[in-house]
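> Below: one structure in structure tokens.
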Amino acid sequence: MTTRPAEQHRKHEEIARADLGEFGRLELAIYGAPCYVIRQSVEAWADILSEKFKLAFADESHNKREEVSSISISYTKGIQNEYLNQQQPFNSFDRHAVFNNADLVLVNGNHFNARKQVVIIHPDKSLYGKTDKLTDAILILLSPGQVVPDFISKLVDGRDVPVLSLDDEAGIGEFLVRYIEAHVAPVYGLVLAGGKSTRMHTDKGAIAYHGKSQRAHSYDLLSEIVDEVFISGAAEDGYPIIADTFLGLGPLGGIVSAMQQNPDAAWLTIACDLPYLTEDTLRYLTQNRDPSKTATAFLDSEGKFPEPLITIWEPRAYPRMLQFLSQGYSCPRKVLINSDVKLLAAPDVSEFRNINHPSERDEALRFFGSL
């Protein structure tokens, strides 16, 4: 039996990994203050940001008389909130799922670590000799009467780290808004061109309504809106392709295949059988994008349901789609209906007319003067 050399041995195929920290994509651990000060501060900052962003907080229980139960998992529906308690400890994979919808996770640094940090200078909680966890401090907050100690100044020497008063809640809120907005995912484009065209009896993406194949026209349309564009599922000479890795799942398979290739991008998807779709409508969609949602989509031509094939899917939609797939659902519209999405009224719903039958093809060809 031949043994493969150790350097060539690979147990698993390599795929792109989402850029996640201990809790989520964007996280800040707060150090240097008593736990009650950290919680009060987080509550105040959340009040400022809650209209636009979803903030999460990771803390440790300070209840010394915590109730012991033999129930493994308990779910409680309250008037304003819902609660889930479980005995099994969360690992990082569990936390990533729990905090998937958060725009920013704030973490009590007295109990947990995070990739970046906020440092509070507080008289009751000195960080002297405890700076090993301050690997990337991005903000320093001064409690009343405090100054930045020399050992903290040396720690951030050469970096432009803002210093604010802990009482300046508005200023801290503005800093956090800028920080979140600076980390919004870039938008890539994806032409969904993997359909079987069974009703058309010919390749729908190859039909030339605009002097070129509809796949190429859709690619060019997206290229006017975003910098990176790919065609999904079908070859087109000279164009970048993302082959389906989730086979037999229709449009959802194309979307999750793209997200598997780049899980840190948002994906603007359009179907390749929409010859009436214009750049203006796509630009309207991107201008009204809400990165805090799972997706930004139009209502369909009847104004009843989300239109899944002209949608911006945020990175958090990737695990959401896989969750639906694991339960036996491959409909992207079902994902939108059951997720936190922003829905828009389309400027012109007539652009959503898709081409499935030869009669519709001929009508469109006549409309564009290509017949």
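Using N, Cα and C of the backbone, Cβ positions are placed for all residues, glycine too.
In case it's useful when we look at the structure, here is the feature table from TrEMBL:
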BINDING   Leu192, Ala193, Gly194, Lys204, Asp244, Asp273  GTP binding site
BINDING   Asp273  Mg(2+) binding site
DOMAIN    189-327  domain 'MobA-like NTP transferase'
> Helix, strand, coil residue numbers for the domain 'MobA-like NTP transferase' (189-327) per DSSP?
44 helix, 30 strand, 65 coil
> Let me know how many other Cβ atoms fall within 10 Å of the Cβ of Lys204 (GTP binding site).
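Here the count is 24.
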> Just name the winner among Asp244, Asp273 (the binding-site residues) by count of other CB atoms within 10 A of its CB.
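Going through Asp244, Asp273 one by one, the largest Cβ count within 10 Å is at Asp273.
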> Counting across all protein chains shown, how many other Cβ atoms sit within 10 Å of the Cβ of Leu192 (GTP binding site)?
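Leu192 (GTP binding site): 29 neighbouring Cβ atoms within 10 Å.
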> Name, in the order they occur in the sequence, the residues of the same chain whose CB lies under 8 A from the CB of Ala193 (GTP binding site) and which sit 6 or more residues away.
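Ala193 (GTP binding site) has long-range Cβ partners Gly205, Arg215, Ser218, Ile231, Ser232, Gly233, Ala234, Glu236, Cys272.
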> Could you tell me the mean pLDDT over the domain 'MobA-like NTP transferase' (189-327), as a whole number?
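Averaging the confidence scores along the domain 'MobA-like NTP transferase' (189-327) gives 93.
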